[in-house]
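Encoded as structure tokens, the structure appears first; notes follow it.
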Amino acid sequence: MNRIYLDNAATTQAAPEVIEAIQTCFRETYGNPSSLHSFGLEARGVIESARRNIAGFINASSDELFFTGSGTESNNTAIKGIVYSLRGKGDHIVTTAIEHHAIHEPLHFLETQGLKVTYLRNDDNGQVDPDDLKKAITGETILVSVMHGNNEIGTLEPIKELGAICRERGVYFHTDAIQTFGHIPIDVREMNIDLLSASAHKLYGPKGVGLLYIRKGVQMTPLLHGGGQEKRLRASTQDTPGIAGFSRAVELAASEMEKEAGRQSRLRDKLIAALLEAVPESTLNGHPKLRLPNNVNMSFACVEGEAALLNLDMEGIAVATGSACTSTSLEPSHVLTACGMTHELSHGSLRLSLGRTTTEEEIDQVIKVLPPIIAKLRAMSPLYKKQGAK
Amino acid sequence: MNRIYLDNAATTQAAPEVIEAIQTCFRETYGNPSSLHSFGLEARGVIESARRNIAGFINASSDELFFTGSGTESNNTAIKGIVYSLRGKGDHIVTTAIEHHAIHEPLHFLETQGLKVTYLRNDDNGQVDPDDLKKAITGETILVSVMHGNNEIGTLEPIKELGAICRERGVYFHTDAIQTFGHIPIDVREMNIDLLSASAHKLYGPKGVGLLYIRKGVQMTPLLHGGGQEKRLRASTQDTPGIAGFSRAVELAASEMEKEAGRQSRLRDKLIAALLEAVPESTLNGHPKLRLPNNVNMSFACVEGEAALLNLDMEGIAVATGSACTSTSLEPSHVLTACGMTHELSHGSLRLSLGRTTTEEEIDQVIKVLPPIIAKLRAMSPLYKKQGAK
Amino acid sequence: MWDYTDKVREHFWNPRNVGEVENPDGIGQVGSLACGDALRLTFKLDENKRIKEAKFKSFGCASAIAAASVLTEMVVGLTIEQAEKITNQDIAAALGGLPEQKMHCSVLGEQVLEKAIACYRGRPAGAKEEKMICECFSVTDREIEKAVRENR
Ligand SMILES: Cc1ncc(COP(=O)(O)O)c(C=O)c1O
Ligand SMILES: Cc1ncc(COP(=O)(O)O)c(C=O)c1O
Ligand code: FES
Ligand code: FES
């Protein structure tokens, strides 16, 4: 069976060119980038050229770019780094209700240490209101962190506008761009961004490599203390092959992004329209227009997400769900809940995230396979019959 | 020119089998290990089989093994994790003067937050005295951290004995085994170890993958907060290919370690003896017997390390002076200083670290090339001339 | 996350006895506070007061479906007194085990059986109870929402 991978928001398959670059680096450039000898020099060359390349991609300068070990590490470094370095100045952070756990969890940890956090409300489409941000910032606020694109419902936030507010109020602005980096354009200067996180494996690069953009002049405490790598901001022997792979992934993104965003948006909209049409009591989650080009997130009333996911898996189709039953905490997705969704609907949510290799035939196959699965599960559901009888 | 790589303590070249395993995983097992569908299941399978394999290698059980993004991250997680979780119980840590920066720097950071640290003295061979540890532990002590093998001078510490003291006193014991893991046998139970750090790239595995062993029952606060990966102890999408590569590296180590340790020790001792003989006023640093099988560290009076290193590099021979990580700072190695070495001697120290691919011919070549380089540099040195005239 | 035994998979993909027994002697429906799911069980007795037929409906994950499915097989041929003794551990064991995070799905099975038996003992089953059952679930539903709110 030809399998259909529609979970590119969870992770992507590394591009063949990326695997090639990693492989070459493993074979040829294996020195420690901190070493003085020629093996070290060569490794440093690979890393610095990657840094220049990736910095250019988001209009940063290369000394503003720091490599980390994951998107989560970038987020943790940004949040804790600013808090530890500015604790004298204030103890308040503003964020939104729908951030990734890699933002919420470090904040919860810091809350146990006395930090105060305002979680801005998102509207039913998942967007925050810039006016709410204006009201939330106080004299104690040291950081605002708002994600660029949401990983579950795909909604894009008005980063440039939020960044401008922060700039005006003299507060640092971080954005978790892990879902958007390499998928839609980012210009850190134009968008008023002080700190930005990205993760290579979301754009056909390797897992275990992230980056943190830190605007020149922003001071922060490191999270990983040790050797002098990454200008002392992130100790650890750099992952030269991983960084080379990340760089190659960015090159590919730079050349294909526009075309791919167009192509995937079209397939996305086709899939959404077809499912809304074919499945009664189905709804689209997230913003109808301002959303990631590859994100489809829908709720099917009275259907449990894990059951739908596993049925699709049987048919060779890989998707994700925000159902409570699949989260280890047994709570439904905090994102869907924050967008005002009832427990019941969020239970039956599925996320289908497209990728570079997704074809029209694959989308057609999903359109064919998914509706009968929903019908079958509804036939089993004690809730649906009642509603049907209404 | 055939280059000779004698900087395996800084990093190793990944073994061909490791590169192969990584490559295969990139191609075939690209799902996110946290995903429920079959792509996720397969990735989870790779990770859990790696975990079992590596745990078995050090006589741990697989639920005691946590993957991280580097050796530095493992050390930071261990130290900060114990401090944050036990802060209520005490505020004192014991370590040694010759630990890696990835131990000292997190401690310095915590010292700014009120932690108290005792740095045990090392003797001139680099060893700590278990009696000193006994005296240093107080009612406030929450953690002892002593490295297994030193990265600069290769000295091995009496881990089992130190661990027994900690066990008896009810204090957690961490060891940075980044230089020994995969090179000499480790049994966490027999050696009374509660926490242990390792890093894959030191044993012919990939860069950017580390591990932390945490004995069952030891509670600690995570360093990377976010998703539920690694039993919530280390959030981040796991680096499946990197972990697969680490596992392969451990398999190779398990089968070759004994033979290789013997072979490398023999070459090591040959190199040491030949250089001591051929170069006047040269001394061996570190313990003459209880040292890493692959470590040669020598001082050549009145010679500046970097000059010697670059001269060797010209001849295609890659070595280190001090540690790679300290090479960006202009201070002499804190390890050599702690072992009572004068400024002058530590300046002229070279570390030559052997590896799996090191041949007898390569060692012979070094024995041929190094003495004339030292002689040449001494001829240029205003200090040596004087001494020579004595 | 969790991985399922072959038995769980098998019951999930080919669930036995889905639906509603006609003219049931017992009806039970429960909702899980932990995850917000619902499970409904109906059964009918034969002339010897042994369970002749049992069917389920589930709005729940794979474990909940598999647990209910295996339960409908386990109870057939048992007397009410025997059926009453079935615990969630028995259900999980019949499935070759469940992941720790999913044990509560088997608790749903135990509870629904209890409810259905209570219903049988309390009064003859009929359309009225069915309605009441649903109202009862919406109470549970509200409780769930409350629990979620409190947990925030
Ligand atoms: C928005 C967002 N933030 C953070 C992360 C965490 O990234 P990583 O798993 O690479 O650490 C992810 C993906 O998992 C994400 O989608
Ligand atoms: C003893 C020791 N500890 C820690 C480290 C840090 O490991 P990594 O660079 O993989 O983070 C190293 C090597 O650099 C080391 O030799
Ligand atoms: S029914 Fe929700 S976890 Fe099983
Ligand atoms: S759950 Fe009790 S009757 Fe509905």
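Residue numbering: from 1, along the chain as shown.
Keep in mind that glycine also has a Cβ here, set from the backbone N, Cα and C atoms.
As recorded in TrEMBL, the features of this protein are as follows:
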type: ACT_SITE; residues: B:Cys325; note: active site, cysteine persulfide intermediate
type: BINDING; residues: B:Gly71, B:Thr72, B:Asn151, B:Gln179, B:Ser199, B:Ala200, B:His201, B:Thr237; note: pyridoxal 5'-phosphate binding site
type: BINDING; residues: B:Cys325; note: [2Fe-2S] cluster binding site
type: DOMAIN; residues: B:4-366; note: domain 'Aminotransferase class V'
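Feature annotations (TrEMBL) mapped to structure.
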residue	record	DSSP class
B:Gly71	pyridoxal 5'-phosphate binding site	helix
B:Asn151	pyridoxal 5'-phosphate binding site	coil
B:Gln179	pyridoxal 5'-phosphate binding site	coil
B:Ser199	pyridoxal 5'-phosphate binding site	strand
B:Thr237	pyridoxal 5'-phosphate binding site	coil
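In sequence order, B:Asn32, B:Pro33, B:Ser34, B:Gly227, B:Gln229 are the residues of the chain that are 6 or more apart from B:Thr237 (pyridoxal 5'-phosphate binding site) and have a CB within less than 8 Å of its CB.
Its Cβ placed at the centre, B:Asn151 (pyridoxal 5'-phosphate binding site) has 29 other Cβ atoms within 10 Å. Neighbour counts of Cβ atoms within 10 Å were compared for the binding-site residues B:Thr72, B:Gln179, and the top value is held by B:Thr72.
Screening the binding-site residues B:Asn151, B:Ser199, B:Ala200, B:Thr237 for a C-beta under 6 A from any atom of ligand 1 leaves B:Thr237. Contacting chain A by the Cβ rule (under 8 Å between Cβ atoms), the binding-site residues B:Thr72, B:Asn151, B:Gln179, B:Ala200 reduce to B:Thr72. Around the Cβ of B:Ser199 (pyridoxal 5'-phosphate binding site), the number of neighbouring Cβ atoms within 10 Å comes to 31.
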